[in-house]
Amino acid sequence: MSILHKTALAGGLAVLLCSSALAQGLSGKVVGFSQIGSESGWRAAETSVTKAEAERLGIDLKFADAQQKQENQIKAIRGFIAQGVDAILVAPVVATGWEEVLTEAKEASIPVVLLDRGIEAPEDLYLTSVASDQVKEGRVAGEWLVGAVGDKECKVVELQGTVGSSPAINRKQGFEEGIAGAANVSIIRSQTGDFTRSKGKEVMEGFIKAEGGGAGICAVYSHNDDMAVGAIQAIKDAGLKPGTDILVVSIDAVPDIFAAMVAGEANATVELTPNMAGPAFAALDAYLNGGTVPEKFIITESKLYTPADDPQGEYDRRKGLGY
Amino acid sequence: MTRLSGIFLRPQVAALVAVLLMNWLLFPDFFDLTWRDGRLFGSLIDVLNRGAPVAILAIGMTAVIATKGVDLSVGAVMAIAAAVAATLVVGGQPAIVAVTAALAAGLLCGLWNGVLVTYLDMQPIVATLVLMVAGRGLAQLITEGSIVTFSDPVLIYIGTGAFLGLPMPVVIALALLLLTTLLVRRTALGLMIEAVGVNKGAARLVGIPARLLLIGAYAFAGFCAAIAGIIVAGDIRGADANNAGLWLELDAILAVVIGGTSLLGGRFSIPLSVLGAVIIQAMNTGILISGLPPEFNLMVKAGIIILILILQSPLAAEAFARRMPKRKTAPRERTMP
């Protein structure tokens with residue numbers, strides 16, 4: 001996109017935003033973004049969404065890939081401070097060891113926003129943190145299932161994430177909270193599928209065998225979509241219909257689960273949005289232009305998607321994001 | 001005849017029977033087999049099917065370990081082969097091209113390891129560690145970090161199809177087992193590999209092409225890893241560069257060790273390594289259907305493995321021989337099938 005286009009776009013946005021008395025937007029501002037790296041499809045999607053959001057708002061985004069190393073992130077943040085950027089976004093790779101570099105940013109009066117992970121540091125060192133609520137994700141999935149089965153008896157098998165990982169612990173807890181009120185819905189088996197497709201398939205095969213060929217299973221709850229995609233194949237191999245004989249509910253909203261929904265093989269997914277930058281830029285806008293200090297913890301929406309939400313459209317929209 | 005009865009007296013067979021019995025106690029329908037959609041269907045078939053990739057890796061790993069080496073890169077090579085096959089079919093290439101390219105990629109990786117070990121004289125554990133780490137990165141580069149999902153019927157058939165009622169991965173593993181066992185035991189190849197494993201210098205002095213055999217062993221391990229990689233990709237209809245074959249090199253080495261092949265090189269048995277892979281998978285499947293909380297998975301697995309290794313230690317063999325003096329030749333038997 002040429003400078004001319006950018007300016008024109010930024011101008012158009014500025015006109016739009018000026019109508020609200022709030023602020024003049026972030027156009028022309030320089031924001032540094034220190035990303036962890038690209039360890040998963042979701043992370044790649046987060047990077048491309050952040051770049052797209054910045055472009056939409058006319059922000060000059062300085063992007064730094066830390067290749068999973070904290071020292072690279074600290075170097076990048078110091079670099080941003082030296083360049084005198086207007087704000088810094090960080091997706092921290094680990095929770096500790098940030099006090100020094102964040103103090104430097106604070107002394108330079110540069111607001112820092114944390115994306116999708118928290119850190120162990122005094123709260124005054126960063127403006128706000130934007131993250132999803134993993135417990136809520138599980139709860140939304142559980143509540144959907146309770147609503148979907150009505151008062152029918154429903155035995156659920158659970159595919160857990162990697163044992164001991166925080167999404168696995170929180171999504172399990174959330175789902176249990178979600179179904180706690182319904183006596184007819186219960187978890188009968190729970191095993192780890194390590195967040196991968198092949199383990200998800202293998203574990204589901206075992207569940208089906210152990211529950212009389214799958215006749216006793218009403219639904220599968222998977223801590224991520226990848227394991228659900230594997231489980232769907234296992235259900236098909238056993239001669240059952242995923243989505244009908246066994247309901248499939250999972251979390252993340254990656255493109256392939258929407259492809260399964262189009263085929264009628266998945267019933268619901270809860271989105272872990274890759275758009276952490278949207279709320280972050282909104283908070284920065286309010287802070288830089290209006291002096292409004294945002295809440296310390298901004299929780300992103302855990303949106304539920306079902307086949308009624310145009311899965312083909314969602315698939316097409318997400319396919320290009322690098323998942 | 002005595003040799004055959006010797007096979008059934010081996011601790012590995014006893015261990016497999018014990019693990020299967022335990023599965024049966026946990027889950028009474030374990031041995032139930034039904035015929036569905038033109039194939040056998042049941043937990044026992046699951047064990048063989050899920051164990052096939054590790055069994056195939058173990059076949060290649062046995063050849064390498066027999067030469068006193070080890071190949072840590074096979075898991076990463078699986079990911080590379082899966083990535084190559086998936087990206088090619090998604091790019092519109094016919095399946096035969098994709099499979100050939102994936103196998104060639106595996107062979108090339110194996111050759112790379114072999115050259116490092118023989119011509120640069122690197123320690124095998126270090127030489128193959130290079131590809132173990134870099135290989136997964138390479139696979140991620142090929143898939144650009146995402147899971148490449150495909151719908152090519154041939155690749156899917158390799159991963160999930162059935163032939164004569166058996167899952168395709170099982171058929172491939174059996175065919176490979178038969179071919180390699182015949183090749184190493186009906187020719188002098190096996191003896192030469194053992195000679196290189198025991199003493200490379202001496203082997204060379206008696207005229208065995210030691211370097212060629214070493215490179216060949218690593219290339220074969222890479223080739224086996226590529227087969228396993230294609231199977232795993234076909235199974236989930238996608239190449240997952242982050243997770244395909246992750247830590248499977250350790251399962252393969254364990255299978256070889258359970259099979260009784262010495263990590264110090266020399267005597268080896270490919271059928272017993274495959275048996276080792278089946279034991280590991282029988283254990284995994286048992287844990288899955290037992291209903292135990294997943295926190296116990298690794299502990300249970302470790303406990304059973306220690307038991308198996310104690311069972312086949314020289315100490316146990318001695319005790320066994322003392323208890324049954326008439327059969328004292330069986331446990332000491334040196335010739336492997």
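Each residue, glycine too, has its Cβ placed from N, Cα and C.
Automated prediction, rather than curation, is the source of TrEMBL annotations.
Per TrEMBL, the feature transmembrane segment maps to B:7-27 (among others).
Sequence-distant contacts of the transmembrane segment (B:47-65) (same chain, at least 6 residues past either end, Cβ-Cβ under 8 Å): 71, 74, 78, 110, 124, 166-167, 169-170, 172-173, 176-177, 180, 184, 193, 217-218, 220-225, 227-228, 231-232, 245, 248-249, 251-253, 255-256, 259, 261-263, 265, 268-270, 273-274, 276-278, 280-282, 284-285. The transmembrane segment annotation in TrEMBL covers B:47-65 (among others).
The transmembrane segment annotation in TrEMBL covers B:72-90 (among others).
TrEMBL lists B:96-117 (among others) with the feature transmembrane segment.
Residues annotated as transmembrane segment in TrEMBL: B:124-142 (among others).
Here the transmembrane segment (B:154-184) has long-range neighbours at 35, 37-40, 45, 48-49, 52-53, 55-56, 59, 63, 85-86, 89, 95-96, 98-99, 190, 193, 224, 227, 230-237, 270-271, 274, 337, meaning same-chain residues at least 6 beyond its ends whose C-beta is under 8 angstroms from one of its own. Annotation source TrEMBL lists transmembrane segment at B:154-184 (among others).
Residues or ranges marked as transmembrane segment in TrEMBL: B:212-234 (among others).
Sequence annotations record features per position, and here TrEMBL assigns transmembrane segment to B:246-265 (among others). Distant neighbours of the transmembrane segment (B:246-265): 10, 12, 15, 53-55, 57-58, 60-62, 65-76, 78-79, 132, 194, 196-198, 228, 271-277, 279-280, 305, 308-309, 312, 336; these residues of the same chain sit at least 6 beyond its ends, with a Cβ under 8 Å from one of its Cβ atoms.
Per TrEMBL, the feature transmembrane segment maps to B:272-292 (among others). Among residues of the same chain six or more beyond the transmembrane segment (B:272-292), those with a C-beta under 8 A of the stretch's C-beta atoms are 10, 12-13, 15-16, 19-20, 22-23, 26-27, 30, 43, 46-48, 50-51, 54-55, 57-59, 61-62, 173, 177, 251-252, 254-261, 300-301, 304-305, 308, 336-337.
If one looks beyond the transmembrane segment (B:298-317) by at least 6 residues along the same chain, the residues whose Cβ comes under 8 Å of a Cβ in the stretch are 10-12, 14-15, 19, 254, 257-258, 260, 279, 283-284, 287, 292, 331-332. Here TrEMBL flags B:298-317 (among others) as transmembrane segment.
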- If we call contact 3 or more Cβ pairs under 8 Å (sequence gap 6 or more), are the transmembrane segment (B:212-234) and the transmembrane segment (B:7-27) touching? no
- Item | Candidates B:7-27, B:72-90, B:96-117; stretch with most C-beta pairs under 8 Å toward the transmembrane segment (B:124-142) | B:72-90
- Query: What same-chain residues lie close to the transmembrane segment (B:72-90): Cβ under 8 Å, and 6 or more beyond its ends?
  - Reply: 53, 57, 60-61, 97-99, 101-103, 105-106, 109-110, 113, 125, 128-136, 138-140, 142-143, 148-150, 152, 155, 221-222, 224-230, 232-233, 238-241, 244-249, 252
